[in-house]
Each structure stands twice: as structure tokens, then as C-alpha cells.
Amino acid sequence: MARDPSHLPRACRPPAIPVRVAEAALEISRTAIEEQLKICGHKKDADVFELFLSQKELTEVIDLSRFKKLKYLWLHHNKLHGITFLTRNYCLAELYLNNNAIFDIEGLHYLPSLHILLLHHNELINLDATVKELKGMLNLKTLTLYQNPLCQYNLYRLYIIYHLPGVELLDRNQVTEKERRSMITLFNHKKAHIVQSIAFRGKVDASWDPRSPFKQKPAQRVPSDFAFANNVDKTMFDDPEDAVFVRSMKRSAMAITSLNWDTVPTREEKYLEEKDTGPAQMLTITLR
């Protein structure tokens, strides 16, 4: 059963579809599916492994649970608003839903075998609801969400990587180890504190507990003529603490300077004049 769209803002809700129109839309999808079965020569539902239903002007799709062995489904470049037709397609491995008008992806958690999911160019708004629906997909490796309203949130990419650690290719870009380390620091403060404590032999302030910058509102871009020192992307934050924290996370190296004791003669060396008594030197260590 599809989620009640009343939880969405009025301007973002999908338009109500009259019963007759919905029935007609389902009939159109049924006809398109039957045509595909004839083209491929399938006589039994058990023989269907793939369905190509893109660019059919579909607004609704009939229930596809009859195709138990369906593995590949193309539904891109249609006019779909939701996904309520994939409830028992447990073998589905690749699903192409890009270039539609999808507001809600409720129902995708029924697809445990899915490893490729394309959802770019849709109308997804709620990032938390989207992530919640995708969390159970342990086999998901490739995901696209770009050109959706939810992509406008700050740290959107790191948020997805944190909650979907199995994803290797996000929005056509490989997930890097640097991104994985960054998302741990930003969203898993306890684990980050343990990692730093091990790295610095327990010499880390136990009170360190930064706030999650993801709770802030979407960043606002200031006019191009607004300039201030050392500001690169000109992203404005509602809370100064968030700005300070995000800025600190962008530092790629840390330098530690101390006295090089190898250049300082001992008392005995001074007495025996075995070592040049020149000025002591400083030693700089850079950590990355």
C-alpha cells in the first residue's frame, strides 16, 4: 500500500488521479508488458528475466509479482510518481527508474537482491525517508540520486555514504577512502573518537563531541561580489559552530614543531668539546 502523500508539502504532492484515469493508466502498462512478452517470445511468466518499458509515457504500472524470476527492469523516461508494483520480485538485480516524477520510493526495501539502482532526475525530497528505504539493501553497489531536490542538502553525499556503506559508485563517482573517513568523523563521533584515541595513544580530549552539521538548513549562496578572507566556496551556515567544524575538517595536514635534541650537545660533549656548539635546530613533523 502506498504511503499517504499528505506528509509532503502541498506544492510537492503528486496530483490526485481519478479512478477511471488510474484504471486506464494500468491498462496502458498491461498492454505495453504484453507487447514486450510477444516481442521476446515469452509464453510463461517464469521465463521472463527482463522487461524493457522505458519511454512508454507510463504513469502507473500493474503489479509485477507474477514475474518471479525478473532480474532486469527498465522504466526510465516515463511519468511515474511512486513504486508500488514491486512487492515480490525478490530476484530483481538492476532497476532503472531515472527520468520520472517519483516522489516516494516506498516499496524498494522488498528487493534484497538489487545491486544497481538509478533514481536520478526525479522529485525525491525527503532524504531521511529515502535512506531508510534503501538501508536494507545489503547488495546495493551502484546508486544515482543526482538531479533530485534532496541533493541540495549540505553533506548529502557523505550522509548517503555513511548510511549505505555498501555503495561503491554514487552518482557516477567512485566512493573514495577519504570520503569514508570523513563521514565517520562527521556522523559517527564515538567511532571517530576511538580512532583518534588509538592514533594519538589516548591523548585525545574525551569531551570532544562535535555537532552534526547535517542538521543545518541547506546552505545559502551569497552574491559573487560578497568577499571575505579565506572563503573558497562562500557557503553560509546558520550556526557559526557548524562553519568552524566543517572548516576544520577540510584541513589535510597537521604540522608539529619541536626542538631537535640531536643538535644539542650533552654536558659531557660540551666539556670534551667533541661536538660543535652551534645553535640548536627545530624539527617539523607533518601528519596527514
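In case you wondered, yes, glycine gets a Cβ from its N, Cα and C as well.
As given in Swiss-Prot:
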type: REPEAT; residues: 47-68; note: repeat 'LRR 1'
type: REPEAT; residues: 69-90; note: repeat 'LRR 2'
type: REPEAT; residues: 91-112; note: repeat 'LRR 3'
type: REPEAT; residues: 113-134; note: repeat 'LRR 4'
type: DOMAIN; residues: 148-186; note: domain 'LRRCT'
Mean predicted confidence [pLDDT] for the repeat 'LRR 4' (113-134): 95
Helix-strand-coil residue split for the repeat 'LRR 2' (69-90), DSSP-based: 0 helix, 3 strand, 19 coil
